[in-house]
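Swiss-Prot annotations:
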DISULFID  Cys88-Cys178  disulfide bond
DISULFID  Cys102-Cys115  disulfide bond
DISULFID  Cys107-Cys133  disulfide bond
DISULFID  Cys118-Cys128  disulfide bond
DISULFID  Cys350-Cys391  disulfide bond
DOMAIN    60-429  domain 'Peptidase A1'
CARBOHYD  Asn130  N-linked glycosylation site
SIGNAL    1-33  signal peptide
Amino acid sequence: MARNMAHILHILVISLSYSFLFVSSSSQDSQSLYHNSQPTSSKPNLLVLPVQEDASTGLHWANIHKRTPLMQVPLLLDLNGKHLWVTCSQHYSSSTYQAPFCHSTQCSRANTHQCFTCTDSTTTRPGCHNNTCGLLSSNPVTQESGLGELAQDVLAIHSTHGSKLGPMVKVPQFLFSCAPSFLAQKGLPNNVQGALGLGQAPISLQNQLFSHFGLKRQFSVCLSRYSTSNGAILFGDINDPNNNNYIHNSLDVLHDLVYTPLTISKQGEYFIQVNAIRVNKHLVIPTKNPFISPSSTSYHGSGEIGGALITTTHPYTVLSHSIFEVFTQVFANNMPKQAQVKAVGPFGLCYDSRKISGGAPSVDLILDKNDAVWRISSENFMVQAQDGVSCLGFVDGGVHARAGIALGAHHLEENLVVFDLERSRVGFNSNSLKSYGKTCSNLFDLNNP
């Protein structure tokens, strides 16, 4: 009897062992399949964020993948914004959302020392906790600001795989702001829920990506002119040979990049030096410096135009009043007078499209000590304001303009602009991508894998 029992127990042990191995193997296979379909946490060389233009506002936006489970969140592209902010008061659901306590290391990293108390709701929810960090967010279009809750959650972004978009990679504790809902109610494209800040600040998108993945401190912007096709932002070194398979279609464009020094203001904004604007062979140099205060990082005491802000939150390039007056006068002198018609706001100089079939004069930005010239394509400075009416796409910013020149999104479209933060320089092509037979939508493969 005892011998039979021992034999039965031996068989049971063997059976259970095989069952355990089978279940364990099945579980591992299932887990592997699950992870293969999910964002990976590997270290990429290059990250890609597709960007679209909004036809009604002329501004650009991107779908950011956030939360758990991941979902797309449409956000305005704000080149000079300090951080990513999104409204959280409605429909924010995530199992990985956290609100760091006041005076925590996350608060220090975000450079905020203000505590936040929620008064909007009697129950806690994303964006509404007490004794958390307060973070001030701004709508860059309306200039409205509001205090919100510093938060952290999962963010995912595409890596590259050969010449294609690769799997998504995750930042598990990405810092951002849950901002007041009123900030997203005016000025933004429809359905956009916040803004994506790329300024030089501790928790801007690119700085968190650089830190988490160990990428070179460089990002490149290529904005599409067409709302039906994507442009892109690339994070990392596009000149790295390891990325050649992905950028193979743009090697000639990269080879011809011209670089000019980059200046970053105390607010983390991006400026380049502009010595003059040239219309055909005529230079536009104002007699008075347009800047408000000599303490500005972009102030120059000479008669030069000075620092030009690069921005994506103005659809058109904005000139201070003194520069605008001289520039439009010189431009008008190089256009047929009989073609000029009543201006259509917000522009100051418009023409009958049928009477300017000969084209517009060339417009160049003369940059760093005349060594670099950025030619603005007529497609980037002439705007179809109405049927049959084409306007000069520059806007009068008044006497209190933030900068002498603010290069707007329309100016940047169909240009590859490289922000090399490690070497404090900006790269661009002297001519638009059209001269290479390319557009921002086909310069890189932006199709989902």
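Every residue gets a Cβ built from N, Cα and C, even glycine.
Long-range Cβ neighbours of Cys350 (disulfide bond) (same chain, at least 6 residues apart, Cβ-Cβ under 8 Å): Gln340, Val341, Lys342, Ala343, Val344, Ala385, Val389, Ser390, Cys391, Leu392. Put simply, Cys115 is the one of the recorded positions Cys88, Cys115, Cys118, Cys128, Asn130 whose Cα lies nearest to the Cα of Cys107 (disulfide bond). In this structure the alpha carbons, written CA, of Cys178 (disulfide bond) and Cys102 (disulfide bond) are 15 Å apart. In the predicted structure, the domain 'Peptidase A1' (60-429) carries a mean pLDDT of 92. When Cβ atoms from all protein chains are considered, those within 10 Å of Cys107 (disulfide bond) total 22, not counting its own. Within 10 Å of its Cβ, the residue among the disulfide-bonded residues Cys88, Cys115, Cys128, Cys391 with the fewest other Cβ atoms is Cys115. With the fewest other Cβ atoms inside 10 Å of its Cβ, the least crowded of the disulfide-bonded residues Cys102, Cys133 in this structure is Cys102. Cys391 (disulfide bond) carries a strand DSSP state (E or B). The C-beta environment of Asn130 (N-linked glycosylation site), restricted to residues of the same chain at least 6 apart in sequence and closer than 8 Å, consists of Phe116, Thr117, Cys118. Within 10 Å of the C-beta of Cys118 (disulfide bond) we count 19 further C-beta atoms, all protein chains included.
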